[in-house]
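Sequence annotations record features per position, and here TrEMBL assigns substrate binding site to 98, 136, 183.
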Ligand SMILES: C=C(O[C@@H]1C=C(C(=O)O)C=C[C@H]1O)C(=O)O
(Lines of atoms letter the chains of each structure in order from A; the text may use other names.)
(Lines give C-alpha, C1' and ligand atoms only; values in the text may rest on other atoms or scores of the structure.)
Protein backbone atom coordinates (compact mmCIF):
# COMPACT_ATOMS: atom_id res chain seq x y z
CA UNK A 1 0.00 0.00 0.00
CA UNK A 2 1.33 3.46 -0.73
CA UNK A 3 2.32 5.68 2.16
CA UNK A 4 -0.58 8.12 1.94
CA UNK A 5 0.49 11.66 2.46
CA UNK A 6 -0.99 14.93 1.49
CA UNK A 7 1.29 17.81 0.64
CA UNK A 8 -0.21 21.14 1.51
CA UNK A 9 -1.36 23.09 -1.50
CA UNK A 10 1.03 25.72 -2.81
CA UNK A 11 -0.60 29.00 -3.75
CA UNK A 12 -2.16 28.78 -7.17
CA UNK A 13 -0.09 30.34 -9.88
CA UNK A 14 -3.26 31.24 -11.71
CA UNK A 15 -6.50 32.00 -9.96
CA UNK A 16 -9.82 30.40 -10.81
CA UNK A 17 -10.49 27.30 -12.85
CA UNK A 18 -7.02 27.23 -14.41
CA UNK A 19 -5.26 27.19 -11.07
CA UNK A 20 -2.16 25.02 -11.03
CA UNK A 21 -0.48 24.22 -7.73
CA UNK A 22 1.43 21.51 -5.92
CA UNK A 23 -1.31 18.91 -5.46
CA UNK A 24 -1.95 16.33 -2.79
CA UNK A 25 0.09 13.29 -3.76
CA UNK A 26 0.26 9.59 -2.93
CA UNK A 27 3.91 8.49 -2.84
CA UNK A 28 5.11 5.02 -3.88
CA UNK A 29 8.48 3.48 -3.16
CA UNK A 30 9.02 2.62 -6.85
CA UNK A 31 7.91 3.64 -10.33
CA UNK A 32 6.54 0.13 -10.98
CA UNK A 33 4.42 0.23 -7.82
CA UNK A 34 2.91 3.56 -8.88
CA UNK A 35 2.40 2.29 -12.44
CA UNK A 36 0.39 -0.65 -11.12
CA UNK A 37 -2.01 1.91 -9.68
CA UNK A 38 -1.95 4.19 -12.73
CA UNK A 39 -0.55 2.54 -15.90
CA UNK A 40 -0.79 5.89 -17.72
CA UNK A 41 2.57 6.89 -16.24
CA UNK A 42 4.20 4.32 -18.55
CA UNK A 43 3.61 6.91 -21.30
CA UNK A 44 5.73 10.01 -22.10
CA UNK A 45 5.86 10.97 -18.41
CA UNK A 46 7.96 7.88 -17.64
CA UNK A 47 11.01 9.58 -19.18
CA UNK A 48 10.81 12.41 -16.62
CA UNK A 49 9.76 10.24 -13.69
CA UNK A 50 12.78 7.96 -14.11
CA UNK A 51 15.36 10.51 -15.31
CA UNK A 52 18.73 10.24 -13.57
CA UNK A 53 20.82 13.33 -12.92
CA UNK A 54 19.69 16.96 -12.83
CA UNK A 55 16.16 17.71 -13.97
CA UNK A 56 17.19 21.32 -14.51
CA UNK A 57 19.88 20.24 -16.97
CA UNK A 58 17.45 18.00 -18.84
CA UNK A 59 14.89 20.79 -19.08
CA UNK A 60 17.52 23.24 -20.27
CA UNK A 61 18.46 20.84 -23.04
CA UNK A 62 14.80 20.50 -24.01
CA UNK A 63 14.33 24.28 -24.30
CA UNK A 64 14.60 25.93 -27.68
CA UNK A 65 15.49 29.31 -26.26
CA UNK A 66 15.11 30.04 -22.57
CA UNK A 67 14.87 28.25 -19.22
CA UNK A 68 13.96 30.10 -16.06
CA UNK A 69 12.87 29.57 -12.47
CA UNK A 70 9.90 31.43 -10.97
CA UNK A 71 9.75 31.47 -7.18
CA UNK A 72 6.20 30.82 -5.98
CA UNK A 73 7.03 31.06 -2.32
CA UNK A 74 10.09 30.62 -0.15
CA UNK A 75 10.63 30.92 3.59
CA UNK A 76 10.29 29.27 6.96
CA UNK A 77 7.09 27.26 7.27
CA UNK A 78 5.86 23.98 8.72
CA UNK A 79 6.29 20.90 6.51
CA UNK A 80 3.48 18.37 6.33
CA UNK A 81 3.55 15.63 8.96
CA UNK A 82 4.56 13.13 6.29
CA UNK A 83 7.39 15.34 5.04
CA UNK A 84 8.66 15.75 8.63
CA UNK A 85 8.58 11.97 9.13
CA UNK A 86 10.38 11.42 5.81
CA UNK A 87 13.12 13.85 6.87
CA UNK A 88 13.25 12.57 10.45
CA UNK A 89 12.55 15.99 11.99
CA UNK A 90 10.04 16.89 14.73
CA UNK A 91 6.55 17.42 13.29
CA UNK A 92 6.19 20.89 14.78
CA UNK A 93 9.58 22.15 13.64
CA UNK A 94 9.67 24.73 10.89
CA UNK A 95 11.87 24.24 7.84
CA UNK A 96 12.94 26.36 4.88
CA UNK A 97 10.38 25.57 2.18
CA UNK A 98 11.00 26.57 -1.44
CA UNK A 99 8.28 26.25 -4.04
CA UNK A 100 9.14 27.14 -7.61
CA UNK A 101 8.00 26.69 -11.16
CA UNK A 102 10.52 25.60 -13.76
CA UNK A 103 9.74 27.13 -17.16
CA UNK A 104 10.92 26.23 -20.64
CA UNK A 105 10.49 28.87 -23.37
CA UNK A 106 8.12 30.74 -21.01
CA UNK A 107 5.87 27.71 -20.48
CA UNK A 108 5.45 26.31 -16.95
CA UNK A 109 6.74 22.72 -17.09
CA UNK A 110 7.47 21.56 -13.53
CA UNK A 111 6.40 22.61 -10.05
CA UNK A 112 9.00 21.88 -7.39
CA UNK A 113 8.71 21.84 -3.60
CA UNK A 114 11.87 21.53 -1.51
CA UNK A 115 11.94 21.06 2.27
CA UNK A 116 15.21 22.03 3.96
CA UNK A 117 15.45 21.25 7.71
CA UNK A 118 16.90 23.91 10.03
CA UNK A 119 19.96 21.75 10.77
CA UNK A 120 20.75 21.56 7.04
CA UNK A 121 20.82 25.36 6.84
CA UNK A 122 23.79 25.56 9.21
CA UNK A 123 27.32 26.26 8.00
CA UNK A 124 27.70 26.17 4.21
CA UNK A 125 24.05 25.07 4.02
CA UNK A 126 22.96 28.64 4.76
CA UNK A 127 23.55 29.32 1.04
CA UNK A 128 20.39 27.28 0.41
CA UNK A 129 18.38 30.23 1.72
CA UNK A 130 19.83 32.54 -0.89
CA UNK A 131 19.37 30.66 -4.15
CA UNK A 132 16.96 33.16 -5.62
CA UNK A 133 16.22 32.22 -9.23
CA UNK A 134 19.31 30.02 -9.51
CA UNK A 135 18.16 26.39 -9.83
CA UNK A 136 18.68 24.29 -6.72
CA UNK A 137 20.10 21.53 -8.89
CA UNK A 138 22.93 23.77 -10.06
CA UNK A 139 24.02 24.01 -6.41
CA UNK A 140 23.47 20.37 -5.41
CA UNK A 141 25.06 18.77 -8.47
CA UNK A 142 28.09 21.07 -8.35
CA UNK A 143 28.90 20.11 -4.74
CA UNK A 144 30.05 16.46 -4.55
CA UNK A 145 29.35 16.30 -0.82
CA UNK A 146 25.66 16.17 -1.77
CA UNK A 147 24.47 12.69 -2.77
CA UNK A 148 20.99 11.81 -4.01
CA UNK A 149 18.97 9.02 -2.44
CA UNK A 150 16.40 6.83 -4.22
CA UNK A 151 13.38 8.27 -6.02
CA UNK A 152 9.79 7.83 -4.97
CA UNK A 153 7.04 8.16 -7.58
CA UNK A 154 3.94 10.20 -6.79
CA UNK A 155 0.40 10.03 -8.16
CA UNK A 156 -1.23 13.44 -7.82
CA UNK A 157 -4.80 14.23 -6.84
CA UNK A 158 -5.34 16.85 -9.51
CA UNK A 159 -8.12 19.39 -8.96
CA UNK A 160 -8.21 20.23 -12.68
CA UNK A 161 -6.63 19.12 -15.96
CA UNK A 162 -3.98 21.85 -15.70
CA UNK A 163 -2.47 20.30 -12.58
CA UNK A 164 0.29 17.68 -12.49
CA UNK A 165 -0.77 14.03 -12.87
CA UNK A 166 2.45 12.57 -11.47
CA UNK A 167 5.55 13.54 -9.53
CA UNK A 168 8.82 12.26 -8.17
CA UNK A 169 10.76 13.08 -5.05
CA UNK A 170 14.08 12.18 -3.49
CA UNK A 171 16.25 13.13 -0.53
CA UNK A 172 19.71 14.62 -0.96
CA UNK A 173 22.29 13.88 1.75
CA UNK A 174 25.40 15.71 2.93
CA UNK A 175 26.86 13.98 5.98
CA UNK A 176 24.11 13.88 8.59
CA UNK A 177 22.12 16.58 6.82
CA UNK A 178 19.45 16.11 4.19
CA UNK A 179 16.72 17.85 2.24
CA UNK A 180 13.67 16.64 0.32
CA UNK A 181 12.98 17.64 -3.28
CA UNK A 182 9.61 17.02 -4.92
CA UNK A 183 9.08 17.61 -8.64
CA UNK A 184 5.55 17.72 -10.08
CA UNK A 185 5.27 17.41 -13.86
CA UNK A 186 2.72 19.67 -15.55
CA UNK A 187 0.71 18.47 -18.58
CA UNK A 188 2.46 21.12 -20.70
CA UNK A 189 5.68 19.09 -20.47
CA UNK A 190 4.12 16.09 -22.24
CA UNK A 191 1.33 17.57 -24.37
C1 LIG B 1 17.31 19.11 -7.85
C2 LIG B 1 17.21 19.85 -8.92
O3 LIG B 1 16.83 21.19 -8.84
C4 LIG B 1 15.69 21.60 -9.55
C5 LIG B 1 15.47 23.02 -9.20
C6 LIG B 1 14.73 23.34 -8.09
C7 LIG B 1 14.72 24.73 -7.52
O8 LIG B 1 15.38 25.64 -8.11
O9 LIG B 1 14.09 24.93 -6.47
C10 LIG B 1 13.95 22.35 -7.46
C11 LIG B 1 13.87 21.07 -7.96
C12 LIG B 1 14.58 20.66 -9.16
O13 LIG B 1 13.72 20.38 -10.22
C14 LIG B 1 17.56 19.33 -10.28
O15 LIG B 1 17.85 20.15 -11.17
O16 LIG B 1 17.56 18.09 -10.46
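Note: Cβ is positioned from N, Cα and C throughout, glycine not excepted.
Same-chain neighbours of the substrate site beyond 98, 136, 183, judged by a C-beta within 8 angstroms of the site's C-beta center, are, in sequence order, 99, 100, 112, 113, 114, 135, 137, 181, 182. According to its DSSP assignment, residue 136 (substrate binding site) is helical. Residues 98, 136, 183 are listed as the substrate binders, and the farthest two of them sit 12 Å apart at their Cα atoms. Every protein chain shown contributes to the tally, and the Cβ of residue 136 (substrate binding site) ends up with 21 other Cβ atoms within 10 Å. Over all protein chains present, the Cβ of residue 183 (substrate binding site) has 24 other Cβ atoms lying within 10 Å. On its own chain, residue 98 (substrate binding site) has 71, 73, 74, 112, 113, 114, 116, 131, 136 as residues at least 6 apart in sequence with a Cβ closer than 8 Å to its own Cβ.
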